[in-house]
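As written in TrEMBL, here are the features:
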TRANSMEM  6-22  transmembrane segment
TRANSMEM  86-108  transmembrane segment
TRANSMEM  120-138  transmembrane segment
DOMAIN    126-243  domain '3-oxo-5-alpha-steroid 4-dehydrogenase C-terminal'
Amino acid sequence: RWFTHFYVVSVLWNGFLLIWLFRAEFLGESLPSWIQDMHHALGRDSQSEDMGNEHFSALLVLLLLWLHSCRRLAECLWTSVFSSGVIHIVQYCFGLGYYIAVGSTVLCQVPTNVRNGKELSVQICWYHIIGVMMYIWASLHQHRCLAILANLRKSRSGKVVSLSHSVPFGDWFESVSCPHYFAELLIYVSMGITLGIRNVTWWCVVMYVLFNQALAAVLCHEFYQKNFSSYPKHRKAFIPLVF
């Protein structure tokens, strides 16, 4: 349940960055000096070159990241049923820092001067369409899987009746133990595609998400196998048919 704090921070912080980037892109305003200082500290210098697609891609990804945080916050508040488990203070602090850093990473993909007062020329490319479609597809499946997990602890009327663990069935659970973690990876991959596929910085973020979610999935998979003797043997831990 402490993950709720991560999404509160992400909604507020990344929403704030999204507003500033939107104003800079469409209204020709300059980014605040402290954001420009952050750009310089991270090695992103001002450019006057017209890079309309790169600007629009960053704006779109920041919007997708904010929408993802909003949905996850809503699920934490109104869908998920959490047990009495706790989180390590180091992991908690790291999580807060991560959701601040990831939005800043997107913002740093565009120059500090952004548009130099020019209007943004929006050109929708094939990778924007594919990325957004993949994002929607993965997000829908993640929500369904989280709802399945929550319903294991609820009665038909929606009342919480148990906090114990049960074996989930349905949707992607038929193939893997932790499809919500797999969907999280797909969501970040979809953002990498939306950024134009060739953005090395974002693929580093994707690699972090891959290893982070894979580790969590393996631990959950081992928990299921250890505590439920009849657990489906054909299920993989993380990626269907692969891992």
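Using the three backbone atoms N, Cα and C, a Cβ is placed for every residue, glycine included.
In TrEMBL, annotation is done automatically, which means it is predicted and not curated.
Since the structure is predicted, the reported quantities are computational estimates derived from the model, not experimental observations.
Each residue of the domain '3-oxo-5-alpha-steroid 4-dehydrogenase C-terminal' (126-243) gets a DSSP state, and the totals for helix, strand and coil are 74 helix, 4 strand, 40 coil. Confidence for the domain '3-oxo-5-alpha-steroid 4-dehydrogenase C-terminal' (126-243), expressed as mean pLDDT, is 96.
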